[in-house]
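In Swiss-Prot this protein carries:
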type	residues	note
MOD_RES	2	blocked amino end (Gly)
BINDING	15, 18, 19, 81	heme c binding site
């Protein structure tokens with residue numbers, strides 16, 4: 001299990017430029033991540049996804065996020081996400097722990 005506070009720092013440094021996590025905030029360059037867990041790829045209301053994201057058809061959970069966050073372009077070829085990924089498993093675990101808390105409020 002990851003460290004929520006470390007995950008928050010990673011989110012602020014690596015994700016917050018393009019994503020928000022709190023309810024009722026608009027999409028940025030990337031979709032708002034509120035309600036992420038349990039949602040299928042390409043399904044955030046009001047955000048325009050690539051066909052690749054819409055067609056992937058997986059549900060976001062800790063295990064799918066772990067694989068995606070390691071190398072987004074490998075997991076979903078054709079995604080427009082420019083983030084190269086987090087290679088360290090502990091950093092992914094920390095970010096996922098934060099996202100579980102922050103996106104389900």
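Positions of Cβ are set from backbone N, Cα and C atoms, glycine also.
A map of Swiss-Prot features onto the structure.
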{"residue": "2", "record": "blocked amino end (Gly)", "Cβ contacts under 8 Å, 6 or more apart": "90, 92, 93, 94, 95, 96, 97, 98"}
{"residue": "15", "record": "heme c binding site", "Cβ contacts under 8 Å, 6 or more apart": "83, 95"}
{"residue": "18", "record": "heme c binding site", "Cβ contacts under 8 Å, 6 or more apart": "28, 29, 30, 81, 82, 83"}
{"residue": "19", "record": "heme c binding site", "Cβ contacts under 8 Å, 6 or more apart": "11, 28, 30, 31, 32, 33"}
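Counting Cβ atoms from all protein chains shown, residue 81 (heme c binding site) has 18 others lying within 10 Å of its own Cβ.
Same-chain residues with CB within 8 A of the center of the 15, 18, 19, 81 CB atoms, the heme c site residues themselves not counted, are 14, 16, 17, 28, 29, 30, 33, 83. As a whole number, the greatest separation of Cα atoms within the heme c-binding residue list 15, 18, 19, 81 is 11 Å. In three-state terms derived from DSSP, the residue listed as 'blocked amino end (Gly)' belongs to neither a helical nor a strand segment and is classed as coil.
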